[in-house]
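Q: To start, I am sharing the structure in question, which I have written as structure tokens.
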Amino acid sequence: CTASAKTECAPCPDQSYTDEWNNNEQCHYCNVVCKELQYEKIKCTRTRNRACECVEGRYLNIEFCLKHTACPPGFGIVQKGTPESDTVCERCPEGYFSKDTSSKAACQMHTNCSALSLRLIQKGDSTHDNVCQGEDSDKLDQQCEIDVTL
């Protein structure tokens, strides 16, 4: 624009865009191409370039959509993976466990046997829950007998 010249604007043609006011003679070509394991999150419009995103369960690392890390047993997620970042795993703290490999599950608290009126027979660790047993289980085991008389 100048004081003596009037600017004339026109819409960008198909497959091109401009995302700001300018004095360019041409629009930008929509040059983003979605790659393998990506989908078109935002379509190319007259005011915006195309934007792509990794499919569910993957994140963008440089140019590739990599699978989210699965936390091994004894570890749980502290930050769920997104299309832009990987899963963050952390060792289960004391009193918690994770028995499965997962990219979605956090560590679970050990079962509180006494709160369930049960007794603890085996303390859990980072990969196993506490094992509880009813107070009367021993008595029931001792009272059950099978008598087969022919």
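Note: Cβ is positioned from N, Cα and C throughout, glycine not excepted.
Heads up, TrEMBL stuff is auto-annotated, nobody curated it.
Here the structure is a predicted model, which means the values were calculated and not measured.
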Q: According to the record in TrEMBL, which candidate from C12, C30, C34 pairs with C27 in a disulphide?
A: C12
Q: In TrEMBL, C52 is listed as disulfide-bonded to which of the following: C34, C44, C65, C71?
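A: That would be C34, the partner TrEMBL lists for C52.
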Q: TrEMBL pairs C71 with one of C54, C65, C89 in a disulfide bond, so which one is it?
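A: According to TrEMBL, the disulfide partner of C71 among C54, C65, C89 is C89.
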Q: Cβ under 8 Å, sequence separation of at least 6 from the ends of the domain 'TNFR-Cys' (11-52): give me the contacting residues as numbers and ranges.
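A: Counting only partners 6 or more residues beyond its ends, the domain 'TNFR-Cys' (11-52) has Cβ contacts under 8 Å with 1, 58, 63-65.
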Q: What does DSSP give as the helix, strand and coil breakdown of the domain 'TNFR-Cys' (11-52)?
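A: In the domain 'TNFR-Cys' (11-52), the DSSP-based counts are 0 helix, 13 strand, 29 coil.
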Q: For the domain 'TNFR-Cys' (53-89), could you work out the same-chain residues 6 or more beyond its ends whose Cβ comes under 8 Å from its Cβ atoms?
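A: Residues 35-39, 41, 96-108, 126-127 contact the domain 'TNFR-Cys' (53-89) from elsewhere in the chain.
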Q: Across the domain 'TNFR-Cys' (53-89), what is the average pLDDT of the model, as a whole number?
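A: Overall, the domain 'TNFR-Cys' (53-89) comes to a mean pLDDT of 96.
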Q: What number of additional C-beta atoms lies within 10 angstroms of the C-beta atom of C52 (disulfide bond)?
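A: For C52 (disulfide bond), the count of other Cβ atoms within 10 Å is 17.
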